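These notes are about the structure you will find just below.
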Amino acid sequence: MLAHLALLALAASQSPPPALPPSQSESRPPSSAPAARASSPAPAPKQSRPQVPATKPSSPPPAAAPAGKPSPSPRPAPVSPPPRPSPAPATPVPAAPRLAPKPSPPASPAPTPKQSPSPASPAPPQPSPNSTPSTTSTLGQLSPSFYAQSCPGVELAVRDVVRSASLLDPSIPGKLLRLVFHDCFVEGCDASVLIQGNGTERTDPANLSLGGFNVIDAAKRLLEVVCPATVSCSDIIVLAARDAVVFTGGPAVPVTLGRRDGLVSLASNVRRNIIDTGFSVDAMASSFTAKGLTLDDLVTLSGGHTIGSAHCNTFRERFQVANGSMTPVDGSMNTDYANELIRACSANGTVAAGTAVDCDAGSASVFDNRYFANLLDGRGLLRTDAVLVQNATTRAKVAEFAQSQDGFFASWAESYARLTNLGVKTGADGEIRRTCSSVNG
């Protein structure tokens, strides 16, 4: 049902690609998105020579401006393009949009790279050459418009699937947000957490309570119909978690795309990389620093707990459990809040470890800054939440976000971008899986 709903919306967005000239559409191999990006610029420069108007809009770098200035002077040149491309004058018109989205992130010289890549413009080679495979750097490799030609409706498709699933199950947004954390912190953002099988990341006890896999699978099935072997599962996770935040009232942040799916998924890699709910600030800071993230990122991304829930056994160290009763042992916890948790987790003289409790009391279905105000009031659910106000540096950031939701949202956009760029595989690394739960056979 999710795929059918999204397919209707996606059909409209798929109309632009058919207008592309045959020479350009044939240059895109269906087997892999990065390859399509590498091959498509080659035919484009041939037509872009006479077609000066296309170079004028794409002149971000000052170096490209002179290149565009001389060519407008021969004004008759735009009249001669029709003979160049074998079709009628209509051919140059689609060629311009073809060039614009392709190099938009780092490459204005893309229209003239064929004979003049040497003039100090390393930007064009970066997006196209997938010949630099083993890099985890995302600069020049990932792009917001990575699928602009190969699958222009990808964001709409994922957004519709997430929205439909969230309407049916309000717990989905929190599950998707947790999923992206558990994926990116282990082996990087490569969808390794999705792989099923003995000894995979998914089988580790820390990941047994993960959810949202059905949403990722539904989005992938839909995209395989309209853009086969093009969109990676790792990009779908990043988009789905972003859209989950938007669905619950959070900021719509731009994301870069072009990740490839990993080939390795080992349960033994999980525990040494994932944040445990009993960690101190120092332990969390050490883990974040090892991945190139900061204390500000730690506080900001912890704000993701503003949506979703956690099982009673994830915070049981904050209570003494004996004879089926719970007694608070964490003096930093608000007394009323502690009693609420005891009532929620205790039933008939037993502790219901699998019972779910909202992470953000009173606001667990809305992505907002209430989480930070709750921390200052001693109402943090997990120990990793509560300790954020016990460290002077992190407490100052918590207080700042409690006062300004706009400040939290702005910081979230930056920290989410850094999180989703961890350990990214590009170029020849990894693959584009046909099914997200298993590597290609």
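Positions of Cβ are set from backbone N, Cα and C atoms, glycine also.
Annotation source TrEMBL lists compositional bias 'Low complexity' at 22-57.
Marked as disulfide bond by TrEMBL: C151-C227 (among others). Counting every protein chain shown, 21 other Cβ atoms lie within 10 Å of the Cβ of C227 (disulfide bond).
The active site, proton acceptor annotation in TrEMBL covers H182.
Sequence-distant neighbours of C189 (disulfide bond) (same chain, 6+ residues apart, CB-CB distance under 8 A): V180, D183, S234, I237, V238, R259, L419, T420, N421, L422, G423, V424. Per TrEMBL, the feature disulfide bond maps to C184-C189 (among others).
According to TrEMBL, the disulfide bond annotation covers C233-C436 (among others). Within the same chain, residues at least six positions away from C233 (disulfide bond) with a Cβ under 8 Å of its Cβ are A191, L194, I216, K220, D261, R433, C436.
Cβ contacts within 10 Å of D368 (Ca(2+) 2 binding site), excluding its own Cβ and spanning all protein chains shown: 18. The Ca(2+) 2 binding site annotation in TrEMBL covers T306, D360, D368.
Residues or ranges marked as disulfide bond by TrEMBL: C312-C345 (among others).
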Spatially speaking, which of the recorded positions H182, C184, C227 is closest to D360 (Ca(2+) 2 binding site)? Use C-alpha to C-alpha, please.
H182
Nearest of the recorded positions (C227, C345, D368) to H182 (active site, proton acceptor) - Cα to Cα:
D368
Report, in whole Å, the straight Cα-to-Cα distance of C345 (disulfide bond) from C184 (disulfide bond).
31
For the recorded Ca(2+) 2 site formed by T306, D360, D368, name the remaining residues of the chain with Cβ within 8 Å of the site's Cβ center, in chain order.
G303, H305, I307, S363, A364, V366, F367, N369, R370, Y371
Sorry to bug you, but what's the C-alpha spacing from C151 (disulfide bond) to T306 (Ca(2+) 2 binding site), rounded to the closest Å?
33
Distance from D368 (Ca(2+) 2 binding site) back to C151 (disulfide bond), taken between C-alpha atoms, in Å:
32
Hey, how far is C227 (disulfide bond) from D368 (Ca(2+) 2 binding site), Cα to Cα, in Å?
35
